[in-house]
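The structure appears right after this line, and notes come after that.
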Number of protein chains: 2
Amino acid sequence: MSSLDEHGLIARHFRPLATAAGAHRLLDDAASYAPPRDLDLVLTKDGIAEGVHFPAGEAADLVARKALRVNLSDLAAKGARPVGYLVLLGLPDDWSEAWIAGFAAGLAADQHEYAVELYGGDTIRSGRLVISITAFGTVPPGGMVRRSGAQPGDRLYVSGTIGDGALGLRAATGDPHLHGLVGEADRIFLADRYRLPRPRMALAEAVRRFASAALDVSDGLAGDLDKLCTASGVTAEVAADRVPLSAAAAACVAADRSMLDLCLTGGDDYEILAAVPSRSAPDFESAAMAAGVPVSCIGDVRAGAGPARFVDVAGQELRLVSRSFSHVRTDDPLR
Amino acid sequence: MSSLDEHGLIARHFRPLATAAGAHRLLDDAASYAPPRDLDLVLTKDGIAEGVHFPAGEAADLVARKALRVNLSDLAAKGARPVGYLVLLGLPDDWSEAWIAGFAAGLAADQHEYAVELYGGDTIRSGRLVISITAFGTVPPGGMVRRSGAQPGDRLYVSGTIGDGALGLRAATGDPHLHGLVGEADRIFLADRYRLPRPRMALAEAVRRFASAALDVSDGLAGDLDKLCTASGVTAEVAADRVPLSAAAAACVAADRSMLDLCLTGGDDYEILAAVPSRSAPDFESAAMAAGVPVSCIGDVRAGAGPARFVDVAGQELRLVSRSFSHVRTDDPLR
């Protein structure tokens, strides 16, 4: 407990983040934002709770950065340029000012990294640690990349590597099976990937210019691809061996082939899955390279309906146990 | 627990609320919004948690409406026309679909009442019931009414009546002292005022046109007036007997004079406090009357600094025990 009141806490820890003129130094009830003429706003809101989306006792700065980054990842997948965010910080009964200072430091680091500014928010007691962020960005009119524009023949791309988040959750929680598969350096790499998503803001412009449909891979590649297919009225085929794995994830799969299933269906990747018309594929690849973001073509969009097929090098379909990952338990629809 | 997954729950209960084109029927990762040319956005974010901002076991539709209305109240006080909102619904472990249905029904009722639309959100498990809403609206360029524009000589107005929320919390929780002061009809009236704020959207345009500074009274009239004064670099004097009380609140004060202190410093009023230049006062009053919102002149802005003075009919200053109300306990800076 601190001798500062809420006003004092906000002034000390959050006002330095509210660098936008429209944030009014967090001294008002609301923020104002003058949108650039002829741009659409893109708005997204994702929340995370202790014990569900991050482990109890997670470092405050990592909690803050994860909460912000999962929202920025949505903006990137929609082709938006990020502008700002508002944050609700719901604190447990045993909150401390040191924790809030760490939380604000995490936000400060990511504001610098992603060129976003704090526009406002609210700090409340909520019994358990809960963070809800609303992030907003801009696209040209009608330019938000939807899930629903994929056409048969489009190529499917993912950024970065897939599966690190799901393996990383096991690494971060000391899963004994994973411990037996790979060494400490790999486990540290994977746990870090789980704890701190890397939203692909640098790819947003290429996605906006060339993708017919896109989303960020947060609930598992297979399940998220199914969402894209359903929204677009298509299906898809993915060559499982072309799904890019990090060296650490590849080591896990080499030691236990069933880990591939986890990579393809586990969540927390925060990479971008995009459908790109084949005629635009070279331009998309060039733009991604210019942006410094690795992208891999993993398959293509097909006419039809139903879940996407994941096939091995022999053309045999992989049977995935579930299409997407639940943080909590598989009979709970919420996460 | 329900057999529906999160997708099914959203489709059934929340999709009907997502009537704006830019909500994309909640089938995408983000919403888009094309701001009308030459308008500023006003954005606000307030959260409420069970056991802190509303009692445990509160009806789901009332929880939803309170969560939305405290945000709309901020927009009204800033002079903004509401457009839409995004909602994070953080559910306890024992959530049920019936509860979610009631929550959505409450939002539906208020969307109709206040002409706002759901743009997106997130549903998570959070251990305790927590709702965070981000609401946005529009004002002409630079038109957001700040806390900071009050000038010496401005008149101070409040809408509606003050104190019902704080008395209503006592009525809703069966406070025995309040029970001894007034009858059941008054207690029911007060509890309803606490449970269901009435944001003064109809007054927003008059505030925007004529107020030099404004905020909504959520933490207590005295404390919120102090915030306005501090932001504006002024102080104020309020004639306590001119602060408008409902018949129920007046009955409480008649039976126990100390209840006036609670009315002036208790929270949850969600009325608008506005400073209006004296030359604009007739126009402000006319506009408020045309909008059907009662407003009362309670005092005026003075040169100087320090907390606003509340004086009785004899000109004696009231000594208020605290300037604003804490839901939790007075040594806890958060609420």
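Start at 1 and count along the chain as shown; that gives each residue its number.
For all residues, glycine too, the Cβ spot is worked out from N, Cα and C.
TrEMBL: automatically predicted annotations, no manual curation.
Long-range neighbours of A:Asp29 (Mg(2+) 3 binding site) (same chain, six or more residues apart, CB within less than 8 Å of its CB): none. According to DSSP, A:Asp29 (Mg(2+) 3 binding site) is assigned to coil rather than to any helix or strand. Look at TrEMBL and you will find A:Asp29, A:Asp74, A:Asp216 tagged as Mg(2+) 3 binding site.
Marked as Mg(2+) 4 binding site by TrEMBL: A:Asp29, A:Thr44, A:Asp74.
What TrEMBL lists as Mg(2+) 2 binding site is A:Asp46, A:Asp74. For A:Asp74 (Mg(2+) 3 binding site), the count of additional Cβ atoms within 10 Å of its Cβ stands at 27 [all protein chains shown].
Under the heading Mg(2+) 1 binding site, TrEMBL lists A:Asp46, A:Asp122. Cβ environment of A:Asp46 (Mg(2+) 2 binding site): A:Ala67, A:Val70, A:Asn71, A:Asp74, A:Ser132, A:Ile133 lie under 8 Å away, each six or more residues apart in the same chain.
The secondary structure of A:His53 (substrate binding site), as reduced to three states from DSSP, is coil rather than helix or strand. Here TrEMBL flags A:His53, A:Asp268, A:Phe325 as substrate binding site.
Non-local contacts of A:Asp122 (Mg(2+) 1 binding site) by the CB criterion (under 8 A, 6+ apart in sequence, same chain) comprise A:Val87, A:Leu88, A:Leu89. The DSSP secondary structure for A:Asp122 (Mg(2+) 1 binding site) is strand. Annotated ATP binding site per TrEMBL: A:Gly121, A:Asp122, A:Arg147, A:Ser218, in sequence order.
Marked as Mg(2+) 5 binding site by TrEMBL: A:Asp219. For the recorded site, A:Asp219 (Mg(2+) 5 binding site), the DSSP three-state label reads coil.
Annotation source TrEMBL lists domain 'PurM-like N-terminal' at A:28-139.
Annotation comment: TrEMBL describes A:151-308 as domain 'PurM-like C-terminal'.
Cβ neighbour count for A:Arg147 (ATP binding site) (all protein chains, 10 Å cutoff from its Cβ): 23. With a threshold of 8 Å between Cβ atoms, the binding-site residues A:Asp46, A:Asp219, A:Asp268 that neighbour chain B are A:Asp46. The secondary structure of A:Asp46 (Mg(2+) 2 binding site), as reduced to three states from DSSP, is extended strand. A:His53 (substrate binding site) sits 17 Å from A:Thr44 (Mg(2+) 4 binding site), taking the Cα positions as reference. Within its own chain, A:Gly121 (ATP binding site) has A:Phe14, A:Leu86, A:Val87, A:Leu88, A:Leu89 as residues 6 or more apart in sequence whose C-beta sits under 8 angstroms from its own. With the fewest other Cβ atoms inside 10 Å of its Cβ, the least crowded of the binding-site residues A:Thr44, A:Ser218 in this structure is A:Ser218.
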